[in-house]
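**Student:** Could you have a look at this structure, given as structure tokens, before my questions?
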């Protein structure tokens, strides 16, 4: 009944991944991002992650697997997803939704930390403000974006961009794979 739809969806996902893999810069960016994060942890830093909607869930997933575990037991790594509901509702009410991430970065970010900003469009105003706040703090910035990178293009130390201009879910599918690879590489770097 739905076999054609299922095949089409999986083929489109495979095509998106194949297009991402065609650009060696993506592979190098993932490696550089993992080393940057591990170096921050080794120096006593932490990572703050943020995004909206599905990207918010990806930011939480990233932090959870760093503080908890990925595939193997190991010490937890210092990662915080900016996802505290009381913080988000307070800042949204008192300052506006565009400031929910930047206020948190201003409060707990410090030089040597890393911000991971996730946006499939690259145009999330609150993530862009978080990047600016991270820069003010002397933090490094990694972004996971899609399409042409949007307004976030060129704002990060390392941008990992999925060049897909269709639905956001295709971009998110690559983002979660990148997140898992980052964690795997961080684990390898941390035991060097």
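Note that Cβ sites are derived from N, Cα and C of the backbone, with glycine treated the same way.
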**Student:** Have a look through 3, 172 and flag the one Swiss-Prot assigns to the substrate site that 52, 53, 54, 65, 93, 94, 119, 120, 121, 124 belong to.
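**Tutor:** It is 172, as the record lists it for that site.
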**Student:** Among the binding-site residues listed here, 121, 172, which has the most company in the form of other Cβ atoms within 10 Å of its Cβ?
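**Tutor:** Checking each of 121, 172, the winner is 172.
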**Student:** Can you tell which of the binding-site residues 61, 65, 180 lies nearest to residue 54 (substrate binding site) in space, using Cα positions?
**Tutor:** 61
**Student:** Across all the protein chains here, work out how many other Cβ atoms are within 10 Å of the Cβ of residue 119 (substrate binding site).
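**Tutor:** Result for residue 119 (substrate binding site): 28 other Cβ atoms within 10 Å.
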**Student:** Here's one to test understanding: among the binding-site residues 61, 65, 180, whose C-alpha is closest in space to the C-alpha of residue 52 (substrate binding site)?
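**Tutor:** For residue 52 (substrate binding site), the spatially nearest of the binding-site residues is 61.
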